[in-house]
Amino acid sequence: MKVQQGCNSSDMGIPVRTEEELRRNTVITPEDVLGLQKITKDYLCSPEENVHMIDFTRFKIRDMETGTVLFEITKPPTPAGGKKNCDPNAGRFVRYQFTPAFLLLRQVGATVEFTVGNTPINNFRMIERHYFRDQLLKSFDFEFGFCMPSSKNTCEHIYEFPALSEEIMREMILHPYETQSDSFYFVDNKLVMHNKADYSYSGGP
Amino acid sequence: MSEHMQLSLALCRIGLYTCFRALCCKGPPPPRPEYDVVCVGLTGAGKTSLLSHLCSEGSDHIVPTTGFSIKAVPFPNAILNVKELGGADNIKKYWSRYYQGSQGVVFVLDSASSDEDLEAARNELHSALQHPQLCTLPFLILANHQDKPAARTPNQIKKYFELEPLARGKRWILEGSSTDNMEAVKESFGQFISLLEDKDTEPARI
């Protein structure tokens with residue numbers, strides 16, 4: 001399962017789309033999001049649309065050249081009869097804080113662990129787009145394929161860091177959280193989940 | 001104030017580093033070729049343990065795989081994107097859903113298992129060798145748990161599994177393995193990678 005890594009939609013012959021256009025559709029497809037040129041202002045689907053009960057339970061990043069684990073987070077189990085979280089988007093936004101050295105990495109292995117509800121999923125696919133101030137840095141397209149019912153699955157894919165100019169790296173470091181990403185998840189080519197993240201490379205909060 | 005200094009230092013380091021790279025004509029190292037392989041075998045064979053050790057990850061937290069586990073396993077001259085599938089009965093029935101797109105197969109078996117389990121492993125291996133999506137691919141067969149006293153030797157396994165007649169004309173490697181000797185395991189994978197690289201050459205047998 002190779003990760004498709006592209007940059008500009010126009011290079012791939014995909015029509016440019018805007019967030020507003022997509023919101024008018026009843027169904028959002030992979031080709032739709034591949035046409036987006038900037039980070040979306042809001043989520044393109046609601047948490048309720050995750051009808052397959054896909055739940056991300058663990059995330060880890062390691063440097064492929066040294067094997068060093070750079071970051072790892074596990075979702076705490078929900079307490080029985082737990083309080084409903086006041087923020088409905090809490091589970092789908094992550095803020096990452098890295099040091100500037102992170103931008104010098106070439107190959108990073110990102111492991112995601114997720115569980116699936118009791119119906120099988122035929123074709124699970126993720127498209128993740130990274131932007132710095134509305135400039136697309138990199139787009140990743142990964143097909144998980146078939147997911148067994150009631151399974152817990154892990155997947156590690158390798159991210160090749162895009163070649164960033166010194167100037168962009170400097171700007172990214174000096175402007176924390178202006179680097180952002182949209183992760184879109186599709187089942188049978190229909191958007192079911194949308195997660196967001198932002199990134200700081202200044203080494204501090 | 002110190003944060004500002006830290007940032008400046010970091011920026012300087014990056015500046016120096018990029019200068020260094022430019023001056024020494026050090027481009028990024030050539031990317032290693034990647035191969036997609038599927039890893040199957042009965043539950044308890046040791047698939048997850050072997051792969052975790054290959055990735056220098058600890059093995060204390062290992063539990064039976066209840067789905068798939070896709071891992072990028074680095075080797076000096078290649079990266080194997082391994083799709084490891086749980087071996088329990090309720091998962092085995094889905095194995096063939098994952099065969100498409102594979103370039104090689106890693107089959108792990110417990111050399112020290114009961115006769116009954118060994119027979120079940122043999123049946124699974126034979127099915128895989130004959131499956132239309134796998135039958136032309138190189139196979140790495142690991143007779144695992146060689147450290148256990150009850151382990152059959154690789155030669156015994158080869159005989160019992162009838163690999164000579166059955167896998168004739170196919171490219172396969174059979175080696176003993178144990179998580180106690182990961183250097184040997186890495187060598188076995190190295191040979192497997194050679195098979196993956198040379199798609200057109202003579203089949204290799206061990």
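Just so you know, glycine gets a Cβ as well, placed from its N, Cα and C.
Of the residues B:Gly87, B:Gly101, B:Gly104, B:Gly190, TrEMBL puts just one in the GTP site with B:Gly41, B:Leu42, B:Thr43, B:Gly44, B:Ala45, B:Gly46, B:Lys47, B:Thr48, B:Asn144, B:His145, B:Gln146, B:Asp147: B:Gly87. B:Thr43 (GTP binding site) has a Cβ environment of 15 other Cβ atoms inside 10 Å. Binding-site extent for GTP: residues B:Gly41, B:Leu42, B:Thr43, B:Gly44, B:Ala45, B:Gly46, B:Lys47, B:Thr48, B:Gly87, B:Asn144, B:His145, B:Gln146, B:Asp147, maximum pairwise Cα distance 21 Å (rounded to the nearest whole number).
B:Thr48 (Mg(2+) binding site) sits 10 Å from B:Gly41 (GTP binding site), taking the Cα positions as reference.
For B:Thr65 (Mg(2+) binding site), the same-chain residues 6+ apart in sequence whose C-beta sits under 8 angstroms from its C-beta are B:Lys47, B:Thr48, B:Glu84, B:Leu85, B:Gly86, B:Gly87, B:Ile91. In sequence order, B:Lys47, B:Gly87, B:Phe107, B:Val108, B:Leu109, B:Ala121, B:Glu124 are the residues of the chain that are 6 or more apart from B:Gly41 (GTP binding site) and have a CB within less than 8 Å of its CB.
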